[in-house]
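*Asks:* This is the structure, below, for whatever I ask next.
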């Protein structure tokens, strides 16, 4: 079977990001904004901004309307009261930083450029604007480069508690605080790398695992359950439901998860629980080994490219790189040992 095309350099994402499959400017008849000409004109504006964007450009700043800001404010206010008791610890660490550094406030919709710079300094992730739903393959390809495709438009004001598609409330309130966590960012990145060159069947399996973890995942913390999935952390109703006794919870197992059905317009039939992001990442690493492709891949952060590992020369280069890292580890351990020895001697 022929290997599907995939981006080799981060600039190649320019070819992926314009292929919007759903919504964008073409709203369905049951979309809350379908009959609103002002809303549809705004969606056209956001579409044009996203389509014109190229890698390396600053993300255009948006002057949001009062109606858009008020809609954001309703969502922000209602969710903010739930986060202390429902969001995972990693979310709560980054939440005040985003409020301080990026203008996350009830009366202000943050700008993607500010958030992208913040994330780059924290975890190496960046944002790029997108006009609507991408295919699972194109979206996951972005994660392989530590790029998160992010909408700038907001849901229709007639129903702030509902959106049939991802909007900036979902992206910014749900995803961004956890993309600022190193372990979570690496978890997302590795799911993206697993998608490189994968078959359509394997892409669907990976996308389903992504859906039930990064969108709707739960984790155990402080002798209880907390949410880390963005779909939960951007929806008051489902956040409360998922952590209630009414919701069915199952231990996260990628081989089980990949066979589930993703529900978009209703609550999920069950939610999957991990002990930590580290545990989920390790399980996904094992799962990724089942993906059939004639080569391995790794991400080169220095030139932001995907490297194919398919011969002994490639493997030798990786081993050489690892030797450098191992020297650093051995040096650090030696100095730590000396420090402990000195502390003991000083106490004696």
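Using the three backbone atoms N, Cα and C, a Cβ is placed for every residue, glycine included.
Predicted automatically and left uncurated, TrEMBL annotations should be read as such.
According to TrEMBL:
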type    : residues                : note
BINDING : 133, 155, 163, 234, 264 : L-tryptophan binding site
BINDING : 170, 175, 215           : Fe cation binding site
DOMAIN  : 1-337                   : domain 'Biopterin-dependent aromatic amino acid hydroxylase family profile'
*Asks:* Just to confirm: which same-chain residues, 6+ apart in sequence, have a Cβ under 8 Å from the Cβ of residue 175 (Fe cation binding site)?
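*Replies:* 148, 150, 214, 230 - these are the non-local Cβ neighbours of residue 175 (Fe cation binding site), listed in sequence order.
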*Asks:* Neighbourhood of the Fe cation site (170, 175, 215): other residues with Cβ within 8 Å of the Cβ centroid, in order?
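*Replies:* Counting only non-site residues, the set is 166, 171, 174, 214, 229, 230, 231, 233, 234.
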*Asks:* Averaged over the domain 'Biopterin-dependent aromatic amino acid hydroxylase family profile' (1-337), what pLDDT does the prediction give?
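*Replies:* Across the domain 'Biopterin-dependent aromatic amino acid hydroxylase family profile' (1-337), the average pLDDT comes out at 95.
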*Asks:* Starting from the Cβ centroid of 133, 155, 163, 234, 264, which together make up the recorded L-tryptophan site, report each further residue of the same chain whose Cβ lies within 8 Å of that point, ordered by sequence.
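*Replies:* Near the L-tryptophan site, the remaining chain residues are 164, 165, 166, 167, 170.
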*Asks:* Name the residues of the same chain, 6+ apart in sequence, whose Cβ is under 8 Å from the Cβ of residue 234 (L-tryptophan binding site)?
*Replies:* 75, 79, 169, 170, 173, 174
*Asks:* Work through the binding-site residues one by one (155, 170) and point out the residue whose CB has the fewest other CB atoms within 10 angstroms.
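*Replies:* Output over binding-site residues 155, 170: least Cβ neighbours within 10 Å is 170.
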*Asks:* Reported as an integer number of Å, what is the Cα distance between residue 264 (L-tryptophan binding site) and residue 215 (Fe cation binding site)?
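*Replies:* With distance taken Cα to Cα, residue 215 (Fe cation binding site) is 11 Å from residue 264 (L-tryptophan binding site).
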*Asks:* In three-state terms from DSSP, label residue 175 (Fe cation binding site) for me.
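*Replies:* The residue in question, residue 175 (Fe cation binding site), is helix (DSSP, three-state).
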*Asks:* Taking DSSP three-state, what's residue 215 (Fe cation binding site) in: helix, strand or coil?
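*Replies:* Its secondary structure by DSSP: helix.
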